[in-house]
Structures are given as C-alpha cells and as structure tokens.
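Here is what TrEMBL records for this protein:
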ACT_SITE  C367  active site
ACT_SITE  H423  active site
ACT_SITE  D446  active site
BINDING   N486, D488, E535, E540  Ca(2+) binding site
COMPBIAS  61-73  compositional bias 'Low complexity'
DOMAIN    359-449  domain 'Transglutaminase-like'
REGION    53-90  region 'Disordered'
Amino acid sequence: MFRRGTFGPGRTSHSHRGLIFGNPGRHLSIFHNSLLSDAINYYIYGAGGVNNQESLKPNVTSPTTDGSSGTTPPKEEISSGNTLPRPDPNKILSVVGVDLQVSVNAKDHHTGDYEICKSKTTPMLVVRRGQPFTISVDFSKEYDAQQDDLRLVFEAGDSPAANKGTSVDFILSDDDKPKEWGAKIQSQKGNSLTITVFTPPTCLVGKWTLKLDVVKKENTSVNIYRYQHKDAIYILFNPWCKDDDVYLDNERLLGEYVLNEKGGIYSGSDRSISFKPWNFGQFESCVLDCAMYLLDICELNWSVRGNPVLVVRKLSALVNSSDDNGVLAGNWSSNYAGGRSPLSWTGSSAILEKYWKTKSPVKYGQCWVFSGLSTTLCRTLGIPARCVTNFESAHDSDGSVSVDYFKVMNTWKADCDSVWNFHVWNEAWLSRPDLPAGYGGWQAFDATPQETSDGVYCCGPASVRAIREGRIELPYDGPFIFAEVNADKVYWSQDNVGKLQCVDLNCNAIGKHISTKAVDSNEREDLSDHYKPKEGSQAERVVVRNAYSSGSKREISNLYKATSNDIEFKVNQDQEHTFVGDNFVLSLTMKNNGDKDRTVSGQVDVHSMYYTGVVADEVKRSPFNNLVIKPKQEVSQVITVTQEEYFKKLKDFCMLDVSVWALVQETNQHFIKKGDYRLRKPHLQIQSPKEAKVGEEIKVEVSFINPLNTSLTNCFIIVDGLAHSLKFRQSNVNPNSTFTNTVPISPTKEGKTEIILNFNSDELQDINVAHAITVRSV
C-alpha cells in the first residue's frame with residue numbers, strides 16, 4: 001500500500017526541532033539540507049506488503065512559529081500509484097517484521113489478564129505508560145549504526161499531530177531521558193534488533209500505531225522506507241509508576257482496585273445491609289476496546305487524554321446515556337419494558353459487550369449498575385477504583401448543602417430535596433495536582449444522572465478528604481457530594497411577617513455506614529470516617545458550618561453564622577529550621593479580643609504525606625477541650641511530634657500534613673486551617689578541586705551528619721556530571737554520627753560544569769550537593 005504526502009519539519013522529533021535522523025554519535029539533518037530542493041519518496045508497507053512510490057515536491061511555506069517549514073505531513077489515505085518491487089534488500093535496510101513480545105511485556109506491565117493479550121490468533125500489546133517495553137525488529141540485512149538511520153513513529157487518533165501530542169517520533173539513542181519518549185538498542189543478533197521503548201508517565205492514554213522509518217539520501221532525493229505495524233499498541237495509566245497521577249504505593253490495594261475482576265456492591269438500608277456480588281470483568285473480551293471507544297466518541301480533547309482527573313470526570317458522563325449516547329439508560333419507574341430490570345444484572349462485561357455491538361445505550365440501570373460500570377472502565381484503563389455505598393443518602397437539588405423541609409398547611413414537605421435509602425457512587429485514586437497539597441488520594445465521582453454539572457450529567461471527582469473537611473469549594477461538585485453524606489435536615493416555617501425561620505434541626509440523619517468491599521475479602525469496610533468526623537462531634541459541627549458558609553447557595557439563613565468572631569487564631573511553625581531528626585513543633589495561638597470569656601475546643605492532626613499531595617499515615621492527633629480564654633488573654637496549644645513518632649511514617653520527601661480545627665462554643669465561631677510542612681534534610685558537604693583534566697583522576701570528599709537515632713543502611717553515593725553516572729556503595733552510617741568518604745572520579749567531559757553527588761539509604765534519600773568545576777583537556 002502507498003500513502004502519499006510530503007513530510008517536513010512541521011512534524012517534530014522527540015528531542016530535536018525539525019526532522020533530524022541519526023544514531024548514537026552520528027546525527028543527520030537530512031530534511032533541513034534538502035527539503036527545499038529535493039524530492040521525497042515514500043515507500044510505505046506493512047507486515048507483508050510491497051509498496052508504491054511517488055515523487056513529490058514539498059509544499060514550501062513560510063516558517064511556522066516553532067521554526068519548522070510548515071510543509072504538509074503525509075496524508076493517511078491510500079493513493080493510487082505504480083507498483084514497484086521491494087527495494088534491493090542487500091542495499092536498502094527494510095523491516096521484515098516486528099515482534100511486540102506481547103507475553104513478556106504483559107507480564108512486566110501487569111496486563112497479562114486482558115483477553116486481547118491472550119488471543120491465540122492475534123495477541124495485542126497492552127502496556128502501562130511511564131514503564132519501558134521491549135520489541136524485536138527483523139530487518140532484510142544487518143543493521144549498521146553508522147550507515148542506517150532508523151526512526152520510530154507513534155501515532156494516535158484520526159488526525160495525528162505533534163502539537164496535540166498524538167504524533168511522536170524519535171531516533172534510536174543511548175540517552176535514556178527520564179519521563180520522555182525514546183528508544184535504545186537492547187541487543188543485536190544477526191539481522192534482528194531488540195529495542196527498549198520508553199514512554200512518559202504523562203503519555204496520552206489510547207491506541208497507538210507503530211511505524212518505523214529507514215531514511216536514505218540518494219543524489220537529489222530523500223527516500224523514506226516506512227514500515228507500518230498492523231496491530232495497535234494500547235497504552236494505559238500506570239498505578240505502579242511513581243510519576244503517574246494514579247500511582248498507588250500498596251501492592252495489596254493494587255491487587256484489589258486494579259487487578260481484581262470480582263467484587264460486590266452494598267445495598268439495602270442502614271439497618272439491613274446486603275452484599276450483591278458483581279463481576280467487574282475489566283479484562284474480558286471487548287471491555288478495553290469499549291473504554292477506548294468511549295473516549296474517542298466524547299468531546300474530550302486528545303491533548304488531555306493523559307489527565308486522569310479529566311478522564312474520570314468524562315467517564316462519569318459517558319457511563320450514563322443522558323447526554324453523550326453513553327452506555328446505560330437509567331430507569332426508576334419500575335416499568336422496564338424494552339430492556340432488563342436493573343436488578344437482573346450481575347456484572348459489567350455483559351452490559352459493555354451489548355453496548356459494543358450496538359453502539360446504543362443499554363436498558364436499564366440504577367445507581368449500583370452505573371457504579372459497577374464505572375469501576376470496570378476505570379480499572380480497565382489502569383485507574384484504581386472502587387464502589388462506595390452511602391446509606392440515608394441526601395439528594396440536594398438546590399445547592400443549599402442541606403435537606404430542607406418546609407411547613408405547608410401543617411404538613412412538612414421536602415420540596416425538591418430527597419433522601420435515598422442508599423446510593424452507590426465510586427472512588428478513584430488520583431494525586432490531584434490541580435488541588436492544594438494534601439487533597440490527593442481517593443476521589444468521589446458519580447455516574448448516576450442526578451443533577452447536571454457544567455451542563456452535563458456528571459459528578460466529580462471530588463477529594464474525599466476535602467469533603468471531610470468541608471472544603472466544598474474545591475473542584476468538582478463538592479457541595480452535592482458533601483450534602484449526600486453530611487447534610488443536616490432543616491425544618492423551616494414562616495413567621496408572622498412571612499420570613500422563613502428554622503424551627504428544628506436534625507444533625508445526624510444523613511450519611512450512615514458508608515461502605516465498600518474490604519481488600520482481599522468480602523467483608524464490609526466502613527468509610528464513614530473518611531467522609532466526615534464522628535457524627536455529632538464538635539469537629540463534625542465545625543465542618544458542617546464551614547461547608548454551609550462557603551458553599552451553600554441559600555442566602556436567607558444565619559443558621560450556622562457565628563454571633564461573634566472575637567477569637568483571633570494563628571498557626572505557627574518554624575519550617576525553615578526544622579530538620580529531619582528534630583522535634584516537629586507547632587503551636588496554635590488564640591487571642592480573645594472581646595470582653596467576655598470564651599470556651600474553645602479543637603484538635604490538631606498530623607499525617608505523613610506523599611509529594612503528590614496524597615495524605616499517608618496518621619502521626620499524631622492532639623485534641624483540646626473546653627479551654628477558657630479570658631478577655632484580652634492569649635493562649636497557645638503547643639503540639640510536639642518527636643522523631644520516634646514521625647520517622648518510620650515519613651515518605652520520600654519527608655513531608656507532614658497538618659490539619660487544625662477549633663470551635664468557640666459561645667459564638668459558633670469556627671477555625672479550620674490546613675498546611676503542609678517539609679522537614680529539611682541534612683546538608684551534604686563537599687571538598688573538591690575547582691579544576692580537573694580530562695582522563696586524570698581526582699578525589700572528592702563528601703560528608704554529613706546522620707541526624708537520626710538509627711543507623712542508615714544500604715547506603716550508596718551517585719556521582720554525575722563529569723562522566724557517566726557512577727554508583728559507589730557505602731558502609732552503614734551509625735546513629736548521630738558523621739559520615740565521611742572519598743570517591744575517585746576521572747572526568748570525560750571538558751568545560752565548565754558541575755559535579756553532582758547524591759547520598760541515599762533506606763532511611764534517608766536524596767541528600768545532595770552540586771559543586772562547580774572546570775575540566776580542561778590534557
């Protein structure tokens with residue numbers, strides 16, 4: 001087959017502007033030198049194809065803003081042309097075949113359970129982004145790095161384009177650049193190359209095509225011999241990759257929330273909870289293809305298909321059929337003519353198979369079916385997900401963040417609000433870099449079409465922790481989800497002048513036994529404490545008041561309004577001078593600026609935290625109760641966290657998350673403060689010459705003081721900048737002792753540069769220093 005078109009610098013290679021081909025140690029800028037005068041010939045073939053050829057003059061235009069020529073890339077339609085014999089294999093390197101090594105890669109990428117990977121006829125490659133995979137390429141003759149220019153091209157979507165991130169091309173290179181596309185030779189045997197391909201942890205999720213270009217300059221022509229592999233490569237989110245926004249650092253949780261195909265969903269009432277087994281079937285038959293199809297037909301721009309937050313939000317719209325001709329039609333009428341009763345479904349795969357065949361909404365579903373489908377679609381795309389059931393679940397239709405009952409002719413009516421016996425939604429594990437630090441982790445989203453959000457029937461994702469703290473202003477749809485779990489029932493009546501007044505308040509009727517299936521068992525795990533503090537506690541009342549004041553659309557009530565704000569709160573912490581190993585000391589000062597006694601209760605919570613903002617382990621919880629503050633008096637609550645309390649719970653970047661809340665009993669004044677603090681690591685000292693010569697060994701001494709009351713084990717130093725990266729194993733470092741060592745380095749690069757040293761151990765990582773040095777030639 002022949003596909004025709006011009007090919008120019010408008011299509012940008014991974015690491016170079018313009019079309020730059022080459023190999024380690026030798027780069028050719030073929031097109032920059034010949035584009036305006038030379039003809040470009042394409043020989044495009046597939047797994048067994050003879051190719052067609054046509055000579056084309058490129059369309060010459062003014063340079064684009066990125067410095068490229070703006071020529072038109074090859075069109076993807078098949079063109080007529082004269083059939084030519086395959087190029088002489090003794091002269092022209094051509095691709096005979098490509099082995100995607102599906103079984104090996106699937107094992108490494110935790111994708112071996114996908115049925116499309118196990119097909120006996122056409123196994124498909126499914127990999128996770130941010131993790132290398134291996135392919136083997138057979139050529140017509142032996143590959144010669146000094147003579148043959150080989151480039152890999154990956155494309156996705158109907159109209160691949162570099163500016164959308166859907167067209168990526170790069171040459172073989174020994175440079176393994178982190179978090180970028182690339183490829184390098186792993187081994188060579190005869191006419192075969194084994195190539196390692198690298199994808200970035202932000203790679204767009206979808207089906208990609210692989211093409212390999214061999215480029216030859218002959219007289220005034222550039223000949224491109226393009227092999228297009230017949231099978232797509234599926235690239236998914238990667239919760240095993242630390243740099244992916246769906247990263248989950250727990251193998252048991254990954255096994256449950258990504259790899260487990262079987263599970264269950266809770267239903268019933270808060271006094272009679274039942275478990276409904278469910279087959280999620282995320283690896284079955286067409287499920288992955290169906291998920292890819294849904295992303296293709298929606299209006300989600302390809303450029304954000306690597307953003308799991310927006311993908312989850314779009315999935316919450318695509319699972320229901322209310323807007324986007326999605327998968328499942330809802331029906332709460334008890335009349336299911338023309339479809340199936342929602343109660344009859346036992347899993348997701350049967351629904352998705354039917355949708356895949358018809359491309360029309362399947363009838364019918366209710367909340368647990370929408371939730372089961374959402375879990376399946378997230379897991380098949382690589383996003384950790386689970387079903388969550390809330391009993392006595394509020395449906396706040398007017399944005400008041402409460403369930404409002406109005407007295408009409410001596411009868412209490414809920415207007416448009418309602419309370420469901422149970423409602424099922426989902427949680428997805430996302431780091432949420434779009435939110436303030438600390439609000440990553442489980443995110444609630446809901447595919448059941450209840451209310452519109454941004455004009456579409458979708459909901460979330462909303463940080464579960466933000467819901468717990470009443471931070472409902474954070475995206476997405478916090479007020480609605482907060483009301484589902486923690487709304488108050490408010491009873492209103494008109495006074496004699498027609499003004500609404502609250503006559504009764506039920507604060508503990510909504511949000512009971514919030515449930516999900518436990519990890520590795522069919523036992524119920526109660527998540528209520530994840531969504532709100534203990535019902536009726538002072539902390540819970542503070543959260544409700546905070547949510548009401550910041551997110552309610554109701555303007556007629558002072559229900560949660562403080563009668564006075566005469567207590568001045570301030571949180572103090574000397575982050576600049578707090579190092580790993582020191583006590584972490586934080587104080588909450590409270591000054592009474594009024595003229596009456598005030599009684600304050602509250603709590604300070606300290607957790608360890610990942611750098612992505614996901615809160616990890618509880619370190620310390622320090623409540624205080626009924627603290628009386630006299631007029632004009634200032635008092636402080638001091639919280640001290642010792643090394644012994646925090647050290648074993650610290651994560652890579654030694655960060656602590658601190659949440660503070662306080663309530664003034666007499667006035668209902670409330671205070672909520674959240675912050676993240678990083679414990680500083682010790683300084684790495686260096687003694688090194690300021691100058692060195694290429695090939696002549698120098699000695700570099702490094703030292704630091706171990707600040708911990710425990711030994712540092714499995715220690716090593718990485719040295720970079722003067723030569724290839726070097727690793728030096730070190731002995732253990734005793735508690736509170738000084739580490740000193742000298743490492744030998746022979747520079748291989750001349751010029752003004754920096755020597756970079758990085759000390760690591762199991763207990764402390766990334767203690768580093770950089771030192772300027774000039775390397776001269778001999």
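Any Cβ shown, glycine's included, is placed from N, Cα and C.
TrEMBL does not curate its annotations; it predicts them automatically.
Under DSSP, residues within the domain 'Transglutaminase-like' (359-449) fall into helix, strand and coil as 15 helix, 44 strand, 32 coil. Within 10 Å of its Cβ, the residue among the recorded positions D446, D488, E535, E540 with the fewest other Cβ atoms is E535.
As a whole-number mean, the pLDDT of the domain 'Transglutaminase-like' (359-449) in this prediction is 91. Counting every protein chain shown, the number of other Cβ atoms lying within 10 Å of the Cβ of N486 (Ca(2+) binding site) is 27.
Neighbours of H423 (active site), defined as other CB atoms within 10 A of its CB across all chains, total 24. The Cα of D488 (Ca(2+) binding site) lies closest to that of H423, out of the active-site residues C367, H423, D446. Annotation for C367 (active site): same-chain Cβ neighbours under 8 Å, separated by at least 6 residues, are H423, V424, W425, T448. Apart from the site residues N486, D488, E535, E540, the chain places the Cβ of A487, C507, N508, I510, G511, K532, P533, G536, R541, V543, V544 no farther than 8 Å from the centroid of the site's Cβ atoms, the recorded Ca(2+) location. For E535 (Ca(2+) binding site) paired with D446 (active site), the C-alpha to C-alpha distance reads 24 Å.
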